[in-house]
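Enquirer: So that we are looking at the same thing, I have put the structure below in structure tokens.
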């Protein structure tokens, strides 16, 4: 029999559950699908606004809008058009009932649990399609799904329900979507100084090329050292802004390259210039080390 089993309403930015069905089965099978809900809730900000996850005999569908996601679990043979029409009704009613300020400032899980009354009434209607009075609107939804079908989430992207996640999970430190802590004033100063050093190295590199073309006495290795210094400074800027795997190790290696380049350029720079470039490199490396990835989102019991 094709039915809707449960539904949840979740805040996108941090996975906080705002409301949910309270009559779903407490069997072992249903507990497994609750884990899928949890895993999805931590990745909502990274996923499209209309998705489907096929988990065998059951499907999880959800839509997201205005920072809130509406998620439901149904049997695999439940019609897509009815599933997303159901979610669309939940969305319209929730937006009408609660303001964005309320949803954005909510601090405790299930603070809108009274919305479950509407979820139950709507679920009963959609579990008996013959009683639906929105058949005209269903044709519109069917056309919308045909023109913009839901994104099918691969299971490998989500991970497994037993806690072992894939390389796309939020716990993977090299994930492309891993966010860093907010930038500090010292971090912004470090970014500007590193960019300045890169520009200075680039200008000196072009001057070295001009000298090489005008005279055979210029050492070509100086040009390489200037451009390597430029690349190292720009890469430090990148590490300061974005998260990558082995980020701290890369920052120390980059700082080492800056030191080597300046050692080689000893004859072309005075002590103050060498001190400035090496000190900026060390300062940026420290800021990269201090600006770490944000902690995991709270593990709300979705």
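For all residues, glycine too, the Cβ spot is worked out from N, Cα and C.
Feature annotation from TrEMBL assigns domain 'Longin' to 8-119. Per TrEMBL, transmembrane segment is recorded for 183-203, 223-242, 249-266, 272-290.
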Enquirer: Taking residues 6+ outside the transmembrane segment (223-242), which of them lie with a CB under 8 Å of any CB in it?
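Expert: Contacts with the transmembrane segment (223-242): 180, 187, 190-191, 194-195, 197-199, 201-202, 204-205, 208-209, 212, 250-251, 254-255, 257-258, 261-262, 264-265, 277, 281, 284-285, 287-288, 291.
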Enquirer: Would you report the average pLDDT that the model assigns to the domain 'Longin' (8-119)?
Expert: 86
